[in-house]
């Protein structure tokens, strides 16, 4: 009798999980990750466009470094307010704001005839993608059942990779102005499609919009689904968060939040200081510096980015976060060392043919390793580890820190390469080694655990 009850419970659970995967959930996720696609395009646009923009507008290396990095300054500014904005106007409205900024930014870049207009466009792109980097993972986490949370959250990284790949590939065939115009299409698409997806149920509950909350859940879970229990749980969670006063930046540094804060900030710092942003922004120059055809090199990178991201998206809820992060960091450590070694041997005039092989193997391995872990999982973990009463403040701080670390690397990379190409990648390899130790000692496994379980365990460890 007991076995029959257990079997019935398992069957009901399986049916509930299967029914949670609906066309409404898929549509909503597909629409919001169009913003992630735009983010990827913006990140890597500077790589294929560099030589032509510098030539046609007469820019120096310092000018172009600032143009590339000014987007991260814009991202930093909006990241500070991203949590407050999305809480005030809603997740969908925040995405509309980001789309307007991105469309204006791309048009300004496309029609720029001087450095001021070019930088203005890039700055507005930063404003847009700064909002995207916060609101997209938050919206996906709030609409997705825990069974699919990791995979659906990773679709954010998948579409970023798709945007990066598109720039690497099409940059070989299109003029930089045309490339900027094409990059505005995802934002224009999202502006229209946002009308057809629901607002986040959790945000609706925050403002007491009970009827709209149930309508939103019906769209996400299916018209025939029983959403009353989930709606009640959302209302209860929101009510608890109201009783726990929303904390400010000072409360975020309370001892109980220390472990979560170290994990969030640490992962963002190490993600950037491993050199990932530099490869996205300057891939063509990296190949040119090593004497390898940049059009062939960037095409190879474009081809490998998508399959590995799809594999991770489908397996992250099965394998877990920690194993993928460890594999990712180990791979990046080894591959950065190989890239540095190839530059070192080339500079000394040794094994020239071998250097090209080592470079392409190192870069392909690095990009693949980054994509399976450190590329997207820090954002997934960020959405899981902070208690609800500090989530807005913590999310804004961690997002801003990511943009700040990103700016440091992107602005300094050209100067680091001029100083020592091999030394630059040996430094990145060393940071990747530190990342391995950091993940092993501090980052918990969050697979298959509720947000409450994750956060309670971290508070105990603080």
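The backbone N, Cα and C atoms fix where each Cβ goes, glycine too.
Your range for transmembrane segment, going by Swiss-Prot and the list 70-90, 217-237, is 70-90. Feature transmembrane segment, per Swiss-Prot, maps to range 23-43 of the set 23-43, 44-64.
For the transmembrane segment (96-116), the partner stretch with the highest count of Cβ pairs under 8 angstroms, out of 23-43, 123-143, 357-377, 423-443, is 123-143. Taking pairs at least six residues apart, the transmembrane segment (423-443) and the transmembrane segment (23-43) share fewer than three Cβ pairs below 8 Å and do not count as touching. Remote same-chain partners of the transmembrane segment (70-90), defined as residues 6 or more beyond its termini with a Cβ less than 8 Å from a stretch Cβ, comprise 42, 97, 101, 119, 122-131, 133-135, 138, 199-200, 203, 206, 391-393, 395-396, 399-400, 402-404, 406-407, 410-411.
Using a Cβ-Cβ cut-off under 8 Å and counting only residues 6 or more beyond its ends in the same chain, the transmembrane segment (123-143) has close neighbours at 25, 28-29, 32-33, 35-36, 38-39, 42-43, 70-79, 82-83, 85-86, 91, 94-95, 97-102, 104-106, 108-109, 149, 152-153, 155-156, 187, 198, 200-203, 220, 379-380, 382-384, 395-396, 399, 402-403.
The transmembrane segment (357-377) makes contact with the transmembrane segment (296-316), as judged by at least three Cβ pairs under 8 Å among residues 6 or more apart in sequence.
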